[in-house]
Amino acid sequence: MKKLLCVICSLMICFAVYAQQLPRVKILATGGTIAGKGASADRAAYKAGSLPIRDLISAVPGIEKVAEISGEQISNVGSQDMTVDIWIKLNKRINEIFKNNEADGIVITHGTDTQEETAYFLSLTCRYDLPVVLTGSMRPATAISADGPKNLYDAVTVAASPNSKGRGVMVVFSENIFDGRGVEKISTTHVDAFKSPNSGPLGQVYDGKVVYYMHDLRKANKNTPFDITGLDKLPNVAVAELYADAPSTAIDAYVASGVDGIVVSGLGNGNLNKANVEAVTRAIAKGVTVCRGSRVVSGRVTLFDETDDAKLGTFVADDLSSQKARILLMLGLTQTKDKKTLQDYFFTY
Ligand code: ASP
């Protein structure tokens, strides 16, 4: 009887210790304004990507109560200098961390300029459904009311939450939680800089609480065909933006430079003026894949509206921004050049 009591007691102690264990969150730092440093209390002449990861973590009081934190520096750049090479490195490291059970969730600190692109790239290429959360800041770490520490605290809270599993790659900013597919930077300077123009946020994070309102039903998740393990290069896809009376110079130059694909950031519902219809026809004749996107911030580009895609040889970006359509086309071209399959990708992911 005594022995049995002893065993029960030790089991209870083990359980209590286990129950107290915090989720393990790994922070991968890539740079950005969140790691930015300036000489004055405003944003004047600050330099993004200056502070190392340990400084970012030590500026967040209480973070150690939310999760067991570890950190790694992947790069330290302003995200205007984000590259496909860094994306590939990030993707490899994330898949490795989850494969080796090194963390329960990952937070990526990142500049805001291209944060939505990295989030979508990782949504399509990450092979695990554990939480990956990007965040950043609009004010450098040295500014009055720097927003970085709060965003980082919130991002860690979301990454540590059991409710975040299976929700793909997300962006946390100004207490909002966005899915990596829908989110866009919508302000150049405001602290509340991100929105999902077509679908709204997935939820909110506040006072250490995570509340989800909805699920993203698109399939930009671990099951996409875009397993890039083993690749160290991706097809070269460019974006050509149109405007009133735009000449064909950009498209012709991209074709001459040898791109594999072009997303035309067209007018309204992805419309092209005559000069660019001709340029697209020339591009396709030379084997370049062309997707019709739009420069408009919300809505979708529809097939066969004002433009006859079958005749022109194009397909549409659906509701993706042109910069995100570029990412899907880069990854799509690793699989196929077939237009119907590529179009299906755009309606699915
Ligand atoms: N240029 C900066 C960057 O993207 C802006 C920011 O982080 O807010 O790295």
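Glycine is no exception: its Cβ is also placed from the backbone N, Cα and C atoms.
Please treat TrEMBL annotations as automatic predictions, because they have not gone through curation.
Note that the structure is predicted; figures quoted are calculated from it, not measured.
Annotated features in TrEMBL:
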SIGNAL    1-19  signal peptide
DOMAIN    24-215  domain 'L-asparaginase N-terminal'
ACT_SITE  Thr33  active site
ACT_SITE  Thr33  active site, O-isoaspartyl threonine intermediate
BINDING   Ser79, Thr112, Asp113  substrate binding site
DOMAIN    236-346  domain 'Asparaginase/glutaminase C-terminal'
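The domain 'Asparaginase/glutaminase C-terminal' (236-346): residue composition by secondary structure is 44 helix, 23 strand, 44 coil, according to DSSP. Annotated substrate site Ser79, Thr112, Asp113; additional same-chain residues within 8 Å of its Cβ mean position, judged by their own Cβ, are Gly32, Thr33, Ala48, Gly78, Gln80, Met82, His110, Gly111, Thr114, Gln115, Gly136, Lys185.
Of all Cβ atoms in the shown protein chains, 18 besides its own fall within 10 Å of the Cβ of Asp113 (substrate binding site). Over all protein chains present, the Cβ of Thr112 (substrate binding site) has 25 other Cβ atoms lying within 10 Å. Across the domain 'L-asparaginase N-terminal' (24-215), the model assigns an average pLDDT of 96. Secondary structure at Ser79 (substrate binding site), taken from DSSP and collapsed to helix, strand or coil, is helix.
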